[in-house]
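Database features (Swiss-Prot):
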DOMAIN    2-75  domain 'Lipoyl-binding 1'
DOMAIN    105-178  domain 'Lipoyl-binding 2'
DOMAIN    206-279  domain 'Lipoyl-binding 3'
MOD_RES   Lys41  N6-lipoyllysine
MOD_RES   Lys144  N6-lipoyllysine
MOD_RES   Lys245  N6-lipoyllysine
MOD_RES   Lys396  N6-acetyllysine
REGION    373-389  region 'Hydrophobic'
REGION    542-567  region 'Hydrophobic'
Amino acid sequence: MAIEIKVPDIGADEVEITEILVKVGDKVEAEQSLITVEGDKASMEVPSPQAGIVKEIKVSVGDKTQTGALIMIFDSADGAADAAPAQAEEKKEAAPAAAPAAAAAKDVNVPDIGSDEVEVTEILVKVGDKVEAEQSLITVEGDKASMEVPAPFAGTVKEIKVNVGDKVSTGSLIMVFEVAGEAGAAAPAAKQEAAPAAAPAPAAGVKEVNVPDIGGDEVEVTEVMVKVGDKVAAEQSLITVEGDKASMEVPAPFAGVVKELKVNVGDKVKTGSLIMIFEVEGAAPAAAPAKQEAAAPAPAAKAEAPAAAPAAKAEGKSEFAENDAYVHATPLIRRLAREFGVNLAKVKGTGRKGRILREDVQAYVKEAIKRAEAAPAATGGGIPGMLPWPKVDFSKFGEIEEVELGRIQKISGANLSRNWVMIPHVTHFDKTDITELEAFRKQQNEEAAKRKLDVKITPVVFIMKAVAAALEQMPRFNSSLSEDGQRLTLKKYINIGVAVDTPNGLVVPVFKDVNKKGIIELSRELMTISKKARDGKLTAGEMQGGCFTISSIGGLGTTHFAPIVNAPEVAILGVSKSAMEPVWNGKEFVPRLMLPISLSFDHRVIDGADGARFITIINNTLSDIRRLVM
């Protein structure tokens, strides 16, 4: 019998299929992953709702899909069904020997993540899901890092005790699992028979844990993530270290119990430094049963794997060629790559099926830093005459305090540095007469208040409309330059970003189709989005797709400033504080409200004459807003 397999409830948005994990003819178990999909904010694997044989695959990599879409057709495998009664009979006969296991509820708590509270940013499972040990359950984010919280044991999700946006800390209850109880009578019997043969306890040995290859520089220990007595799994993070340009977690090279900690927060370490001593189990006793002997090579192979991994990574360090295939990485790794400004297409993945791991991104960043430092000395490249950043001990001159930069400041700082260095900026300054505009705006606000429209019209919406009109007349300003500097992408839509000052730093929400919206509609949208920005609730989609940016700091003062172009855009408008000034009208000086504006643009795309024409269009439109209806 044919069974249709459809996408379960994944929300309203369409997602892209990035990987198909089965092929026609495969026998599939219930809950086995079928496809991987990725949206704007996360990627996930879609599991099979039941067992069967893949008869048809209705989708391909790159297709868009959504909740309820048909992805595959399964054959229920009648042959297997015929054999089922016989198997059932055998199971029934065997049943008295082992009573069914009783299910028990177990709490799942946040492991030791330090003393600070963190925010739940994503819940990766739902009630009813069968979860394996070490499978990721939630994603949490603090001031300095984000991480996925794994399941400490296998089970079925019975209750979820947290929501996205909740604050949690070490020990917080996040879920309740239903887990299988003790096995029946047969299991103890088997254990008792095996016990005499393997009575001698395995001998414990002591092994040193050293810092792996992190480059030649010393780094500072910023966090110790385990304590004496902790049982640690291989690859579990032990400490966090931070250098001048990056931070990383140092993983355990093997499993064991922490016997001694050799470092403290604030200590300096480097490649090869001793950080801990582990107590590890020795070889299994010689009298172990034959079954155990047959399985013994597996741990040995697993122990060898970490040793082979650095070699693979070392080979990959020089292989940063562009990867045209789809990049396989979890949302956590993608976020890490965004924070470091890493193009994942250039990173070679060493995980299963080429998946990019945290270590791959860290290796790429480390190699990129080494190349950047070596390039000026080796080739005379870099910025001519650029000196290294001065190292000054400020504490010699008086009392100091060091304050960590916010997450937004760190990200935007790197972007601004790149934009300023890579884009040849030219800035035109002008003043526009907004006397009539301001009179009209105040009149409209009074009318809106009388009619209880619950809207406040600001000068920014008129500037947005004036910019949209200029972009329609001069489409070269509504473009982006290709990475190789050889082509322009001309956009047929007009989306304008407006910089908003928030307690956490500057953010730039994007307003879509400004040329198609009226003043009232834009005013309402500006009020709503600005509030979301200040509350820190903007989504990624609300900050993407911009064509041109407006940075208005007139409310804070200043007469002129030169804004930095927001790549990959090619121009930005700065708006300063308006003031009454005497203006000559041909007969006499009259008081007029003048607004200083400044247009910065990429000189590779726009020449000075076009820059002057563009700012003049804005000037003329704001001076006589009747032009907006022409």
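Backbone N, Cα and C atoms are what each Cβ position is placed from, and that goes for glycine too.
This prediction places the mean pLDDT of the domain 'Lipoyl-binding 2' (105-178) at 84. Sequence-distant contacts of the region 'Hydrophobic' (542-567) (same chain, six or more residues past either end, CB-CB distance under 8 Å): 415-416, 418-420, 422-423, 425, 427, 429, 459-460, 463-464, 467, 471, 477-478, 491, 493-499, 501, 507-510, 512, 529, 532, 573-579, 595-596, 598, 600-602. If you draw a 10 Å sphere around the CB of Lys396 (N6-acetyllysine), it holds 7 other CB atoms from the protein chains shown. Lys396 (N6-acetyllysine) falls within a helical segment according to DSSP. Across the domain 'Lipoyl-binding 3' (206-279), the DSSP tally of helix, strand and coil residues reads 0 helix, 38 strand, 36 coil.
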